[in-house]
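Visitor: Per TrEMBL, the features are:
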SIGNAL    B:1-21  signal peptide
DOMAIN    B:31-146  domain 'Alpha glucuronidase N-terminal'
DOMAIN    B:157-473  domain 'Glycosyl hydrolase family 67 catalytic'
ACT_SITE  B:Glu307  active site, proton donor
ACT_SITE  B:Asp381  active site, proton acceptor
ACT_SITE  B:Glu409  active site, proton acceptor
DOMAIN    B:475-701  domain 'Glycosyl hydrolase family 67 C-terminal'
2 protein chains.
Amino acid sequence: MRFFTRLLLSVLFCTCASAGAAPASEDGYDLWLRYRALPAAEAARLAPHARAIVAPATTSPMLDAAIGELQRGVGGWLGTAPARTDEVRAGAIVLAMPATRGATAAWFDGLGQEGYRVLRTRLEGQSVTVIAANTDRGLLYGSFAYLRGIATDGAQKAPDLRSTPRLPLRLLNHWDDLNRHVERGYAGASIWHWWNLPDILDQRYTDYARANASLGINGAVLNNVNAKPDILTAPFIAKAAALANVLRPYGIKVYLSVRWSTPLELKATATADPLDPAVAAWWRAKSDELYAAIPDFGGFLVKANSEGQPGPHDYHRSHAEGANMLARAVAPHGGIVMWRAFVYSEDKPTDRARQAFDQFTPLDGQFDKNVIVQVKNGPIDFQPREPVHPLFGAMPRTPLLMEFQITKEYLGFSTHLAYLGTMFEETLRTDLRPGIGAGGQAATVTRVLDGTLDHGQATGMAGVANIGTDRNWSGSHFDQANWYVFGRLAWNPEAGAEAIAREWAAQTFSRAPRVVDTVSAMMMASREAVVDYMTPLGLHHVMGTGHHHGPAPWVDNLARPDWNPVYYHRADKAGIGFDRTAHGKGGSGSAGQYAPALARLYEDPASTPENLLLWFHHLPWTYTTRSGRPLWDELVHRYDAGVTAVAAMQKQWDSLAPYIDPQRHADTAQRLKVQHREALWWRDASIAYFQSINGLPLPAGARAPAQSLDDYKALKFPYPPGNG
Amino acid sequence: MRFFTRLLLSVLFCTCASAGAAPASEDGYDLWLRYRALPAAEAARLAPHARAIVAPATTSPMLDAAIGELQRGVGGWLGTAPARTDEVRAGAIVLAMPATRGATAAWFDGLGQEGYRVLRTRLEGQSVTVIAANTDRGLLYGSFAYLRGIATDGAQKAPDLRSTPRLPLRLLNHWDDLNRHVERGYAGASIWHWWNLPDILDQRYTDYARANASLGINGAVLNNVNAKPDILTAPFIAKAAALANVLRPYGIKVYLSVRWSTPLELKATATADPLDPAVAAWWRAKSDELYAAIPDFGGFLVKANSEGQPGPHDYHRSHAEGANMLARAVAPHGGIVMWRAFVYSEDKPTDRARQAFDQFTPLDGQFDKNVIVQVKNGPIDFQPREPVHPLFGAMPRTPLLMEFQITKEYLGFSTHLAYLGTMFEETLRTDLRPGIGAGGQAATVTRVLDGTLDHGQATGMAGVANIGTDRNWSGSHFDQANWYVFGRLAWNPEAGAEAIAREWAAQTFSRAPRVVDTVSAMMMASREAVVDYMTPLGLHHVMGTGHHHGPAPWVDNLARPDWNPVYYHRADKAGIGFDRTAHGKGGSGSAGQYAPALARLYEDPASTPENLLLWFHHLPWTYTTRSGRPLWDELVHRYDAGVTAVAAMQKQWDSLAPYIDPQRHADTAQRLKVQHREALWWRDASIAYFQSINGLPLPAGARAPAQSLDDYKALKFPYPPGNG
């Protein structure tokens, strides 16, 4: 009886809610967890199968979180939340563990500690939906998977899902300063309100945790890798502990970035030398203090001897000596140390792209078991396109963690639409030993991370977060997709960027096929568009100084050679590109850092993928590219293609106006308009500059830049977000 | 027919929505404009009178804004928004101007350009609700007043409202930097996303405008008074123009803070001397440029020769010479200059409290007609309690604008609950010539602002905004009330802080009398509690250096004497307080700056209001206060009273748990808990310090401070919000 009343109400409510022509405005705060009232037909399909939630009587915060989310989701869709009960009844959602009465052992096969199974079956004679797992964490992930299933298919099919994560460490790295500035943040201030912590707990912390749990993200490094000593003082440990308490029920561990010289700067020791017993003792005591406050504390992330940060080199110690000292402090508590490989020499003028490899490969095998070396996806710095970092596959005795950047430091901030799923996937799928694994599995980067390629230890992925206080969390609605795809790929690196784009679009905007097809098509083409209008054919690091906004290929006046765009593109009258072939051929030798099969490809322009051509080769402007066009013509062609692709995205988005709520539609349309103008600017400024170098005429039919090179050089960008 | 369907749906929906025990969680984004579905009985009362909106056929953006808000409000309450039509029908809301067919001339009597009349009447034979005004601005304000009426009384009575604003300038001052930092901001980053402007217009700008329009606020100074030259460059003018376009339909003009030396710093002139023709010409041309972009631009706000800012004194010119030069640049366009009187000598060691008076009174009569001198409510700097600023009433030939601080720089940031309505009212109601006006109207500060006391020109009030990107806008839910009461008092300085607290509580939380009574009681007692536990009996400026958080009466090491707390409290073995009586009596003479009748009161401790005792007098610790207690005992008693009052607020708030949604209830409870702990800290640290000076035992029964004075002195507060 109550059920039919509820259904009637839902139907009436939905009729009412959908009376207007356009969907109601949304601000994006709900991310992909929107749970808006279902259309009547879908509600009628779901309601008979979501009448109650049956859960183990002995509860836990994580189980409560799972049930809370199921109630929120089903409650949002149907108008009334299913009640929790401990008796199986027809139409219930049953959260089952192996000890659950009537549970089938096969449900739990191979689920491990984090996996789940969701199926429609009979239990104690009743038709129910089972979410099965060996742990309450598995039930949490299974509950989110169940909800995702309904959100993407409208309860058309009986749920039938099974998944286990391939990587154990699925982490966000927040580059959030203690004053709430976010380095490379384009979504407002830090969501961590350090000043108000530990006493005042914003609802946003919980909603952040829910969003991450929905993806399987299980760790968060709370503060910037450019860390301050304060983070390890008692007041800040208490603040971090308060956050840990909010995140724990959602399966998320807290980690901290630490400054190498903390004990010295806090005047607790006279040195930061890792081999000084007093220093090691300080770190051990500090770790004990941390674990007393946060029993499941994850560990430390360290940026050392990198871009001015202190580190063990200051004491003539190696990265391994530095990392191991910290690792021994957290080892008794089960903690880990993530030691970043983003280093480039403080003094040596060798090719920056090769320096991390040069510094770290000699240390392979010297790191303690609980040290993981965290490596950026490419050897320079989060460019729109880079080749894979040569360290992957080159440290067989050292577990490596992937560091992706979710925030778009070099890809148009939160203004430009650029779906990073294709970029992440491109790296993860790179075959490090092409041809070698012909008989079996390719030697992909994913297999470095899951440990099957060499060292045997599965690690994971870290993503530099794009999250801030902006109401939609990520600055733009489409940038939510980059958080989403990072999490989904961290769970399963082979899930497929397009499939993930489709499920994100369905949850975030609408299940209408027209919407899913169009939005995912925009997303899938978007990153290549950015590469084309910013850094085609393997160009890189030609952005404006410091803020990294807009084109500045002309910059040649910075203190270090390898901070200057001219260092990277090396354009001259004769040609363009960075020769990274073997020393014997006059190159920097970076191509030779890859495994031989891959290095061979990169040594020869003819076999180098054209999208990395100028990364590895300095070529004459007349070099014939695969299209048959000379290099200069091809370059201009690519810039144009990038601009054209943005115009196409604008048209695609415009066509969706009837399907998307006005607020999110207008916001995105505004950003696409800016992106189009800035794509043109990138094209024009780049062409004007390179033409000033090579003196060549524009290819036939190509439009001249709208302004003079001096005009572009004169542009100033005060107060950029995310800087410094 | 449609009406009954709508009503039925509303009733069903409301039944459904209120099925749970507690109200649904809210995040505070909707402020006092919540428009949640009405209970059935109230909906049934409202619906017959809100069936349509009849509006003039010739529309305007402001009229559209009024209609949009009526549709949003009624639509939220009833489930369906009334349609706009141009034909009068029964049960319609009619927006009437004098030319409206059938309109009664008396409706418009005395409404001027901004006032409104709302009444239930008959028009063309139909029963309608009329919102009448002479202008579309009046209709906008009237529409918000209509909605406020329903929100506060649940549509019990037929509306019958009439109001005109007493002050023409009702302004927010945003101390927002161009990098989105907010000086003295405790609600996140600046809502102005300068980087994304002018192309990307956040929905938040519109919602900000709606909230202000609902109060009658009609101007916003967008940027910090510590201004950067960039704000007057072409890109930033375009950004400001884009904001002006969003705010204009809500009746809000844009103003800018400008840096005195802008043309010099932009290298457009060789000096910033106001008498240099090139400087004046630059400002004229810049004003022309501004008005070309923003035709209704309001004018400039200037902080000059104050706290390191440049100004006309740098060229040996007076404030009047500086202000007039700018005023002549904007005068042809109808613009104004607001010149801040918050100055204290760069070199002279006289009492800081007297310096603005000393500098400005000689200039009375020298300012151009379109210059308004903007004066803080008190002579020091936004303390929890100050006497009125002596400039009020002392510049009979110069219009003065009141500057209140809505953001709580010195009153516990956004953590402590402190309703500022009582503080604003205390200033506005201060009788500047007590006894003199016995036969007629008192010489209140309000009458300085409305021009009736002396200079004849009505000015207004500026409030330093407490608005940021926090989801609830103001950092805490209760701080929304300070934005609200500022706006309501700017419209009518005599509206009454308690009445305003009650209408805010009803709209923001619930119309339930229990809620309105309890919330308004908390609010009305809250500011006095803060005064008691921070700065009782006229103490002032004893807060921590720079960040102004927490007690630091011991600080004596800052560069300028008048930056040190010891300068202000002057405690020694014998006594405490700042002697501001006449020079002849050994005081600083500040008391004598007030009109004679008021000065006489302040010269004598016996007639000085006890809450300002130590502001004006240095008294022995044994001085007998009005309670009969010696001064030292009374001081301790006040600290205790402050702490006790916070404990009482906690209990009051706890009792409201059944009536308030869990999210807002929990957030406020957390803040009250912090406030209680920090009130204790204020008490204990202050007592420990003063005891170290006077060596006196604690009064009988008083609890000793929990920690040692050194413990309190050792506390550090890195990364405070709003600093610098």
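Positions of Cβ are set from backbone N, Cα and C atoms, glycine also.
Situate these features within the shown structure.
Guide: Note on the domain 'Alpha glucuronidase N-terminal' (B:31-146): DSSP counts are 43 helix, 26 strand, 47 coil.
Annotation for B:Glu307 (active site, proton donor): spatial neighbours B:Asn226, criterion Cβ-Cβ under 8 Å with sequence separation of six or more.
Just so you know, the Cβ of B:Asp381 (active site, proton acceptor) picks up 18 other Cβ atoms within 10 Å once every protein chain is counted. B:Asp381 (active site, proton acceptor) carries neither a helix nor a strand DSSP state and counts as coil.
A C-beta separation below 8 Å, combined with a sequence spacing of at least six in one chain, links B:Glu409 (active site, proton acceptor) to B:Arg184, B:Phe382, B:His548, B:Gly722.
Across the domain 'Glycosyl hydrolase family 67 C-terminal' (B:475-701), mean pLDDT in this model comes to 97.
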